[in-house]
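Notes for the one structure printed next.
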Amino acid sequence: MTSLTQFEQLKTAGYNTIPVYRQRLADTDTPLSVFARLKDYTQAYLFESVEGGENWARYSIIGLGESTVFSCNAGQLTIKNAQGNITTQSCADPFQYIRDYQSQFKVPPHALIPDLPQFTGGLVGYFGYDAVRYIEPRLSNVPEADPVGLPDIWMMLSKTVIIFDNLKDTLFLIVHANTTDEEAYQRAQNQLDYLERLLATPVSLQAKKHKAPHFESLTGKEKFLESVETVKEYIRAGDVMQVVPGHRMVSDFDGDPLQVYRALRHLNPSPYLFLVQGHTLTDNTPFHIVGSSPEILSRLEDGIATVRPLAGTRPRGKTKEEDLALEQELLADEKEIAEHLMLIDLGRNDVGRVSKIGKVQVTDRMVIERYSHVMHIVSNVQGEVRDDIDALDVFKATFPAGTLSGAPKIRAMEIIDEVEPVKRGIFGGAVGYLGWHGEMDMSIAIRTCVIRENKVYVQAGAGLVADSNPESEWNETQIKARAVIKAVELSSNGLIL
């Protein structure tokens, strides 16, 4: 608990944004029951994690967005400030805007408040795949506008956070106080009192049935198969070694995004489980992003940058023996191994761009991780970053993931622009946070759906190399999308298994 004396000491030390917190038992609450009490807020999020597809991680994070939100689309930066006023300006480099914006918050380092988890707030949201166009000038040939209608980048300021310690069955209630306000400490205490009252209110998680979904590919199988052949021609010509084209599926939706999240965390527990809800600033319509991504884009923590290439896929077996046979088949597949080794090299190169010389290493090499419907080959690449590098530098060096673009990365993305009919939107981008202390954790937006204006969208891709079989690659996209589609179906049935 933050005392008034401690608060004043931190204020005197020059910190202008100070976490005021309480810790209490949470043995009768769950992250889901807490989020259910917050889900009517305009901006909110829920982050959970299952490590290796099997064990729940220590912390679950529930956050409320503040009034401050910003988004960027087609070079236009739209900002909603703390007073609710909205302005728009041209912006060639949104990353510099983010860097400048975050620099105004002087938050005490973790060492001064060691009881708190590493992440206690910051900026939360997403970078869509097309955010790469603010990084790489060659990618200026933008496909048609994304009919889903979400911006390339969307971030909310998060200063009110509830963090579950799943190991100790406790939770932290955290409110960040602005010390320029003379009543800041008392206002923070009042907000904590409000959160306590909110958590004490009854909540129902009773799921309701709604209209069953019917997903259709907007590209269609025939056009996807044609795109595979087009990509293979580029590979044969020596233009590129690998490309990862995808396609989008859509269905009508009149259900509850939280039910979809509950279904997805049951069906496909993953390292990155997330539900992000917000409103677009241009037309003030709500959206929800629900995902169970198995793959990190990049992480920066304690000066170590991490990427975790995931490539090589098989469906899960129906029996333990079949599952093991499929694992052995996957590890013996020369195409899959070649593709994965290519992506390890790409990950080493990306991390190497921001790391000290000789400080990049592969810490895990080609291990199998199992999820509900698929198994993958996974490796882990880490680097000790240079002293002049920050989280956004790491993000820009690693974005987008090679597993969602190809190699060489920029040429592969040019080909994706050619064969995919519209902007990708969130698919292949990243969802996560930029913390107060320079830490970052971003997952790749795969195994993810977007819910907006009574529609639900699911996308999936396939990594193509020279000997790819078009029919097999189409089937791979169906396998990858299966968990999310099944989650939408399960939610429509009232979560009755």
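The backbone N, Cα and C atoms fix where each Cβ goes, and this holds for glycine too.
Among S3, S33, S49, only S49 appears in Swiss-Prot as part of the L-tryptophan site alongside P271, Y272, L273. Neighbour density around each Cβ, counted as other Cβ atoms within 10 Å, peaks among the binding-site residues P271, G461 at G461. Nearest to G312 (chorismate binding site) in space, judged by Cα atoms and limited to the binding-site residues S49, P271, E476, is E476. DSSP assigns G461 (chorismate binding site) to a strand.
Considering only the binding-site residues P271, Y272, L273, E476, the residues lying within 10 A of T313 (chorismate binding site) on a C-alpha to C-alpha basis are E476.
A distance of 23 Å separates the Cα atom of P271 (L-tryptophan binding site) from that of E339 (Mg(2+) binding site). In this structure, the CA atom of A462 (chorismate binding site) is 6 Å away from the CA atom of E476 (Mg(2+) binding site).
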